[in-house]
């Protein structure tokens, strides 16, 4: 009996690491999908703006200005927008690489491996679920404040208060109904959803322009220089605390990447929409917060309804109604964005076999995963019913920041990870013919090919992940590493060191500020190791072929994004981390009991990066594969380039085009 148990345990544990690290093999036709590809760049840009401009501008602005940063909220929004832009650039590059639903989950699956992809996907589900619930709660609270708190008072009279510290003061049935109503509206189809979102976002932008115009018209510069307080009444620490809170206002841009499988031209639309929407929203937030704090002193702002009250004190009663209309529209589009992204992340994970197969079905009529929409809408509605806005926002931030961190790390890993040398790139044949004719005319075909472009592409692919000539002095340390392994290890070490530095900064900032010797020595050593990781990564060749959008200054911008995200994560409360680990533990049960055994990648047996990194996609462009027309063509292999170019011996004598591969 014990031997049987050992056999069963051995069977279960066999190849566990290889299963957890297997990567997603992309299909030959990346554009093929059961979803409806009907969204253009304008639709996706408005989707991103609508998802970001909602509760952030109408709820967070007053709270941060009154209690955290004062007029320095302008700097808080700038800092939060800059941190978000670092992650957004990484999302934009991946949107070009992988035009699939699932956002950071798919990106991680392609670059790092299945286990981390599941962790990120599980966190994204939590992020969008909490995002929808928090906005529904804010929507309900805003409407209730306009009605004189009649909803809250009536509910507490009927149900009484919930005397539980982890729950809200009272159950919010209005927020529950809002969530369910919008989930039903999304079931009509993605094009109808995009149209509704475009209309509401346009109204919201007009209202924001009205707020900015009237705010600067009634502005008083003296409100930024109050006696004994000035522009930063809470100091620069208040600006940083405000930036950590304002970061919540920018989390919606990853819904743009989620729409990659419904975009007409994702390689162009996704990066363009990501950057445009984030820039527009950052400018809008900065202008609105400046107008608010210039119009009235920060200590007179009403956190519950900052903008309507500000215009009310100035005697502009009609503006209150316009702002309230914009607030409802803005929070509606944010709620739609979360409920739009959540079912598609469920669909992406179920399509890969990591979640239950019932979530991978798409309705043939509406081309929407209806079951996913129903489940996600109900779960979000229950969260909105039981929890208040503050707990939902704080809990949501940790999953978002972790997703941003791993996406930034994935950009570095993929830039420096080469394709296998056995992979080949096909060039179009000159003329059709039999195998004998091809063998006889191979030399003439070779001479007819322009060697400049394919040779440079092959050299770049072959050198990816290998040391650059000016860093040959690192060969005694890194020379024995496989191409790309040293860079991946350096990225992992960079993340660990960033965590250590951020925790130490929080625990012993006073010692560092006062110049205590051990603090200076410790931070000096950690910073030296951090810089060494960046040097090791940048010492290797990159592969950027086939990318229509590239993150600039790799690895510096993704590394800065990793550090900033970790810095914000360590400032979250202990209870937030505890709730996060409980949620993660539930996800681990799902993965190890179901996902790892039903993964579609396990059926394939092998994984490959060639579809992601080779120039074949660049040659033929997005769309249907032309492999049927390439079966007699000349093959250009990277094997001889690796042997000849990397070793830098007899470079001029090495053949780039292998004429003997026609029979392989």
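Every residue, even glycine, has its Cβ placed from backbone N, Cα and C.
Note: TrEMBL annotation is automatic and uncurated.
Annotated features, as they stand in TrEMBL:
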type: TRANSMEM; residues: 41-61; note: transmembrane segment
type: TRANSMEM; residues: 73-92; note: transmembrane segment
type: TRANSMEM; residues: 104-125; note: transmembrane segment
type: TRANSMEM; residues: 173-192; note: transmembrane segment
type: TRANSMEM; residues: 199-219; note: transmembrane segment
type: TRANSMEM; residues: 272-298; note: transmembrane segment
type: TRANSMEM; residues: 318-342; note: transmembrane segment
type: TRANSMEM; residues: 370-389; note: transmembrane segment
type: TRANSMEM; residues: 395-414; note: transmembrane segment
type: REGION; residues: 427-454; note: region 'Disordered'
type: COMPBIAS; residues: 441-454; note: compositional bias 'Low complexity'
type: TRANSMEM; residues: 490-509; note: transmembrane segment
type: DOMAIN; residues: 549-599; note: domain 'Cationic amino acid transporter C-terminal'
type: TRANSMEM; residues: 551-570; note: transmembrane segment
type: TRANSMEM; residues: 576-594; note: transmembrane segment
Result, the transmembrane segment (199-219) in contact with the transmembrane segment (272-298) (3+ CB pairs under 8 Å): yes
Long-range neighbours of the transmembrane segment (199-219), counting only residues six or more past its ends (CB under 8 A): 46, 49-50, 53-54, 57, 284, 287-288, 290-292, 294-295, 307, 310-311, 314, 316, 319, 322-323, 325-327, 329-330, 332-333, 336
Remote residues contacting the transmembrane segment (73-92) - C-beta distance under 8 A, at least 6 residues beyond either end: 61, 64-65, 103-104, 107, 239-240, 242-247, 249-251, 253-254, 256-257, 270-271, 274-275, 278-279, 281-282, 285-286, 289-290, 293, 404, 407-408, 410-411, 549, 551-552, 557-558, 560-561, 564-565, 568
For the domain 'Cationic amino acid transporter C-terminal' (549-599), the mean pLDDT of the predicted model: 86
Contact between the transmembrane segment (395-414) and the transmembrane segment (173-192) (at least 3 Cβ pairs under 8 Å, separation 6+): no
Beyond the flanks of the transmembrane segment (576-594) by at least 6 residues, Cβ under 8 Å: 115, 118-119, 122-123, 126, 354-356, 394-395, 397-399
Residues from the same chain, set at least six apart from the ends of the transmembrane segment (104-125), whose C-beta lies under 8 A from its own: 19-24, 26, 91, 94, 97-98, 254, 257, 341-342, 345-346, 348-349, 352, 354, 399-400, 402-404, 406-407, 409-410, 413-414, 417, 583-584, 587, 590-591, 595-596, 599, 601, 609, 612
Secondary structure content, the domain 'Cationic amino acid transporter C-terminal' (549-599) (per DSSP, counts of residues): 39 helix, 0 strand, 12 coil
